[in-house]
Amino acid sequence: MAIDLLNTGTSGLLASQQQLATVGHNIANVNTDGYSRQSVEQNQALGNYHGNNLIGSGTYVQDISRVFNSFTYREQLITQNNASYSNKLSDQLDQLDATMSTYGTQISNSLDSFYSSLHSIAEQPDDVTLRSMALTQAESITVQVQDLQSNMTNLTKTANNELEQVADRISAISAEIGRLNVDISGMQAGNLSGEPNDLLDQRNRLLNELNDYVKVTTIEDPNGVMTVMIGEGQTLVAGTTALSMSVVAGDPDPQQTQLQMNSINSSYTLQGDTLGGSVAAVFDFRDNTLKQASADIDLLAMSITDTMNQAQSNGLDLNGLQGADIFADLNITSATLGRSLGHSDNTGTASLAVTITDMSMVTTDEYEVEYDGANYQLTNLTTGTTTVLGAAGAGPFAVPALGIEISEATLGANTGDKFLIRPTQNGGENFKVSLTDPEAIAASSPLQVTADENNVSAGSVTITSINNPVAAQTYASVTNAPLTVDVYESAPGVFDYRVYDGDNFPPLLANGSYGAGGSATVNLGDFEIEITGDLAGLGPNAREQFVIGDAFGAGNGNNMLAMADTQNQAVANGGTQTFAQVVASSVSTVGSEASLVENQALTADAMFEQAQSRHQAVSGVNLDEEAANMLKYQQAYQASAQIITVANTIFDTILSSVR
């Protein structure tokens, strides 16, 4: 009996010892990230027969298991991934918002200063100092636009570098999880009955880190081997086989780097914005908000260039010559070629060039051109609208509705070849002042329009463009008789016009009609006029008359006044915005998105903290509970030791009785 009692006491002592050791392990890891509280599963030992009675023989430790709830852990992973995405996107948007706000203010101020200098020149067109100041202000705009674009390019590079670092880290995590799967499988399949709790926690810590980067889902087999999938189900770890991730150049834009999954025998490109977590945030920021903001500034630069160069070409400089471009031409060869990017898997040798033909129709939309074996087809990637351009070799292909012309820089397209078309590509980078001589600013207009003093309507005739100012001036004054424009209401709501030489009527130089609220554009060779408004005189068929004549001299300042008026004209983004509105709209869009995502991040953080608390309530270490357990198992240990002492006393008594 003494021996049975000794064995019983020893079993209790050993069980209490393991209980105390586990409590100590829990307390020691109370601050260990990802540690799951461990619990000893203690069972009673089978009894032994003594005569007709079955007497208990103590206890034993069946297992030491993790206190782990897979449901609360899965909830924690989901909310963690959402919070990681929102916080990363918010951080990036805050950087862009600060950059856009700073440079947006500077560009707006420089535009105001530039237009102010144009007004000054209009008042004093012969002042070379004022002309020099205007060129300086123009240079200031280009520098600030280029600096802003440089900052956004750096943000793109930062995003690409981060993707490369994350790809390396994900590959390392994948390899480590694969190694742990091997270790866990070996221990589970061996003679050990208990789970490798600390290895399981270690693997979960890796999953937690991985889940920060990408959305994680897992499947675990009976041997504890885990298959890890990311994003929308792409396998990263298949049992004990770990795949790796790398960064590859974007296609067709090499600057939009992509992530690639690599196995021993194959590789494939991942769709970054579907991966979840901080990685998806980087892709969303780089490929959406940042790219759009950059395109907006490119569009602004190109709109300023086109508007100012066109206005400059309408006038005469101090030497009586047609105005030369103030800003570098939009359609230099490198710019036209840079607006088209061929896909890397194109099998032909063709390349495309994109020429801007009407900047007022150009937007930031992107397009794809595909050769189907018979024709090139243009698809708007925003709206999905498709336009047939024409057969290979039959170009150039004009697309007036988009303000562009597409031509084949080199021939040799094969069926299936594709090209990405970005009409505003590198607009900010190419934004430079090309005019250096202040006397070459075309402040004067060769022509002027004078309304007859008897006109009673609010309509007008304006000169919209001048192809050859010198020739136009000569044309209007060659007979010493200005051109005359008559407009009258021939029927209710129908306005007829006629243009003729004041000394030689007839014949008519042009005639036609337009409806109420409409307008008419008349091309007179070297210049073009627009007739607008309901030009009805008093009485039936009473005419309104305008005279187009020589403005006399290179110093009238009228063209500079027309150039200054473009400050308030909707000449950008498809003719819907002024320059200032483009800047304000772009800054406002980024700021609004930054504010929205910041609020989303706060909500996501709160959801994650709640899910984490629920999981910790199940799996985390509670020091109060562990302290109580320590006292309980300490007392049990002492009681078991006392049983051993009693058994030893009984055993000694028995030995003494037989001596």
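Just so it is clear, glycine is given a Cβ too, placed from its N, Cα and C backbone atoms.
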26-53, 138-165, 194-221 - the range that TrEMBL marks as coiled coil: 138-165
Among 6-35, 93-327, 618-656, stretch most in contact with the domain 'Flagellar hook-associated protein 1 D2-like' (343-423) (C-beta, under 8 angstroms): 93-327
Helix, strand and coil totals (DSSP H, G, I; E, B; other) for the domain 'Flagellar basal-body/hook protein C-terminal' (618-656): 36 helix, 0 strand, 3 coil
Stretch-averaged pLDDT - the domain 'Flagellar hook-associated protein 1 D2-like' (343-423): 96
